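J.: For reference, Swiss-Prot lists these features for the protein:
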BINDING   THR85, THR86, GLU103, PHE104, ASP128, ALA129, ASP148, VAL149, ALA150, GLN151  S-adenosyl-L-methionine binding site
Amino acid sequence: MAKIKEKFDNVFELDLGDGIKRIGTKSLVPNKRVYGEKLVNVKNTEYRVWNPNKSKLGASIINGLKEMPIKKGSKVLYLGASAGTTPSHVADVAEDSPVYAVEFAPRIMREFIESCEGRKNLFPILGDANKPEEYANIVEKVDVIFEDVAQPNQAEILIKNAKWFLKKGGYGMISIKARSVDVTENPRVIFEAQKEIMEQNGFKIVDAINIEPFEKDHMLFVGIWNGQ
């Protein structure tokens, strides 16, 4: 029998009795898998296992994220939605609150739209995260921005979007992929430089999590937005 313990608001530790560390979210749309994830039923509630190998946010939770800014009722802007793996879990956590998810590639967006089926709080936006003004008529002020965009100007993208959409005192979460910034530089140097860009432009960094072994040369930063 699986054991369930709430780790963060609407994020659960799942003990399936095999010693493997797992987390999951309550299924907003029961019996629907988004990326082949395992479904677990406990006391008439279905949970979706959150695979850290396919989600940087999932990996950061497994690796010791101190605080989860995304909670029930959080309004979220998600940059770099891809096919919807992580946004679907974020939508589970937020429950009735909107998750605006931006993806640049039309082909991937088609897959993402399929994963949105039945999720009334998950809104797919075909757009360029570098140009927040393009979706400013759709997205309202949000509590959290999560970014997973493999571009050299990753930190700047977060700042641009924060200026448009993030409430003062809200949270920015960003998965920095060192190799997307500079292939030749030491990842630690890149992480420090990206952190500095954020700190100089309105964010107070409150957590940093290395997400190896799930992703190589990736660091997830959490910052509080002081506004600019």
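Residue numbers in this text run from 1 along the chain shown.
Yeah, the Cβs are placed from backbone N, Cα and C, and that goes for glycine too.
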J.: Give the residue from the binding-site residues GLU103, ASP128, ASP148 that has the most other Cβ atoms within 10 Å of its Cβ, counting over every protein chain displayed.
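T.: For the binding-site residues GLU103, ASP128, ASP148, the Cβ with the most other Cβ atoms within 10 Å is GLU103.
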J.: Any idea what DSSP makes of ASP128 (S-adenosyl-L-methionine binding site), helix, strand or coil?
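T.: It is coil.
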J.: If H, G and I count as helix, E and B as strand, and all else as coil, what does DSSP give for THR85 (S-adenosyl-L-methionine binding site)?
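T.: It is helical.
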J.: Which has the fewest other Cβ atoms within 10 Å: THR85, ALA150, the binding-site residues listed?
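T.: Output over binding-site residues THR85, ALA150: least Cβ neighbours within 10 Å is ALA150.
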